[in-house]
Amino acid sequence: MSAADPVSESVPDALSEALNASSGNGSEALNATVRFTATPEGTALAYGSLLFMALMPIFFGALRSVRCSRSKWCGEEAEEDPGSRNGGEMPETITSRDAARFPIIASCTLFGLYLFFKVFSQEYINLLLSLYFFVLGVLALSHTISPLVASVLPASFPNNPYQLLFTQGTGEDKEEILNYEFDTKSLVCLVLSSVVGVWYLFKKHWIANNLFGLAFALNGVELLHLNNVSTGCILLGGLFVYDVFWVFGTNVMVTVAKSFEAPIKLVFPQDLLEKGLGASNFAMLGLGDIVIPGIFIALLLRFDVSLKKNTRTYFYTSFVAYIFGLVLTIFIMHTFKHAQPALLYLVPACVGFPVVVALLKGELTEMFRYEEETSEEAGPDSEAEKKDQ
């Protein structure tokens, strides 16, 4: 996968890698906290907060994905000028081939991390991962907060344009390697995000972790687009099997979840009421359990928009289904006192509910015929070619 915006460059690639490692292990880590003694109030607050945090990137990421789909470029500047690439991030389209390969890639990545933690020192691996995710987290958070920063800054704010240009060679042999245009607002976002990054890098505080995790999740839902519902079913179905196998069939996911120190999960302390912000008994939810269903929910919102009926039936149906699936995961986990792969419950809910609604409304065929353009087809250059033709 590719990206275009240096303030969020490599975000889709980073998200894919993070999802490969975290899809499913979040629910594993979430369930690992059951063995600790926590008050009913603390447990309810922790899981309620995780549920709320999981819903935020899905809801707002889906809305931003609609704007991305319309303008073909994502970001604050792209929203103001759909034809501008300045500060824009082109959405990455997932095809059926990508969806079929994703569970295999995810399994190889997960098992590779497992071997790394078995062979090499966990301390050094996590140090490298911290530096890696520090950079990616700053870029992702910058992209996430850019619309908010733009709305807060006064109109008189001097928003000067800049250009970063790298070339290779001279004369006719000169080759452009990097040509990025940005402005002062982008620099403000980068500075603010860097403050959070330094906080996370040195303190590993759970709030800093969550800010990065929310940024990764929101960017994933916004920038990763399924090209049709069938592709979504292939992706979710494959990861359904992946999640069940690695949680119930082996201890690989448990080991990686306990060893992997990176903002690829949302956390909330169950002892917050007793210890305040210094609490350390965490409940956790992996980003994979947010982004994977989230990109399918975002697709259904774009399908709702394509129907031009001024309703969001399928979006709200799948959104409620996600809530139902996640609550069911937590309930079964506490009932059986055993780790539960969240996608085991999220996938049937998020796919089944909308399909049943479409069947009742007589729009099932229309839903599965809905198709979005791939990244290559959706670019501004291709649009210009179509106009010339």
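Glycine is treated like the rest: Cβ placed from N, Cα and C.
TrEMBL labels come from automatic prediction, so no person has curated them.
According to TrEMBL, the protein carries these features:
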{"type": "TRANSMEM", "residues": "44-63", "note": "transmembrane segment"}
{"type": "TRANSMEM", "residues": "99-117", "note": "transmembrane segment"}
{"type": "TRANSMEM", "residues": "129-153", "note": "transmembrane segment"}
{"type": "TRANSMEM", "residues": "208-226", "note": "transmembrane segment"}
{"type": "TRANSMEM", "residues": "233-257", "note": "transmembrane segment"}
{"type": "TRANSMEM", "residues": "277-301", "note": "transmembrane segment"}
{"type": "TRANSMEM", "residues": "313-336", "note": "transmembrane segment"}
{"type": "TRANSMEM", "residues": "342-360", "note": "transmembrane segment"}
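Comparing 99-117, 129-153, 233-257, 313-336 for CB pairs under 8 angstroms to the transmembrane segment (208-226), the maximum falls on 129-153. Annotation: stretch 313-336 has the most Cβ pairs under 8 Å to the transmembrane segment (44-63), among 99-117, 129-153, 313-336, 342-360.
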